[in-house]
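Quick look at what TrEMBL annotates:
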type     : residues : note
DOMAIN   : 88-228   : domain 'Phosphatidic acid phosphatase type 2/haloperoxidase'
TRANSMEM : 26-45    : transmembrane segment
TRANSMEM : 182-201  : transmembrane segment
TRANSMEM : 213-231  : transmembrane segment
Amino acid sequence: MAEVQLGSHTVQSHGMKVATFHIHDWIILLLLIGIEVVLNVIEPFHRFVGRDMMADLRYPVKSNTVPVWAVPVSIPKFPGFPTEGGFTGLLYSVFITAVITDVIKDAAGRPRPDFFWRCFPDGKEDYDNFTTSVICHGGKSAINEGHKSFPSGHASWCFAGLGFLSWYLAGKMRVFDGRGHVAKLCLVVLPLLAASLVAISRVDDYWHHWQDVVVGGLIGLVIASFCYLQFFPPPYDANGWGPHAYFQMLAETQSDGQVPNAANPPAGSEPAAYAAYSELQDVVGTRASDLSRDIEEGRKNFSRAAC
């Protein structure tokens, strides 16, 4: 991608135009939300659990250290985040991850570490005499929830939201600008550390096996990476601080020769956007003047050489 110089400004892109352009994406997003609701209602696969397997599933039932409603679905409060693709990308990251996670949960049906007490809340065991399969007499909702261990939803959601935030911070702060500012890198790692702590809490609470949180975290981080790169250049790119949509708008404006000026400002432009356009006009004007001066000097040098 060609580098676009706009000084120190981080500019909001044309939010309404981008939202209209991505109308189909918003429809798909609503569809993902509907699918996620259905996946949380249907009954998961009940994997075979035998008498000899229950020895590893007797961990005590504990409450969540991090409740579901408190799982960080990060919406950073940075200038331009809602209108430059950050908000849309974050929502896609979270809900694609949620759908993938719950599809696997319902299909795998792996019992949680505390499945014994969900199946036999009174501690009285009951097994089939022929297959030795458990015959649960606990609450139906508790048993269904007990078959949703793999992968961890908390881990995948946290890494989807906070992983996206790490990408966003890396681009905005230009972490890979070659200047060696380790402090910037530390800030980028902090969201990933927070997500890791939430994931570890799921093992500490005996709601998940360690494999569940590892796979859940990988799912969330991979989806966050794909979604971020759909809307933003890589953080190491010269223009990694801004969204694709903004640079496409600049390219279209310059190719059409429609760089706004003070006498003809863009209709409905906000002060921040107009300031950016004004700066862009100055940059283009300066470069044009430099080019004209170079051409004139080259012509004079050629004339002297010819003489």
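Yeah, the Cβs are placed from backbone N, Cα and C, and that goes for glycine too.
With a cut-off of 8 Å between Cβ atoms, the residues of this chain six or more beyond the transmembrane segment (26-45) that come close are 19, 88, 91-92, 95-96, 98-99, 102-103, 105-109, 144, 147-148. Within the model, the domain 'Phosphatidic acid phosphatase type 2/haloperoxidase' (88-228) carries an average pLDDT of 93.
Here the domain 'Phosphatidic acid phosphatase type 2/haloperoxidase' (88-228) is broken down by DSSP into helix, strand and coil counts: 95 helix, 3 strand, 43 coil.
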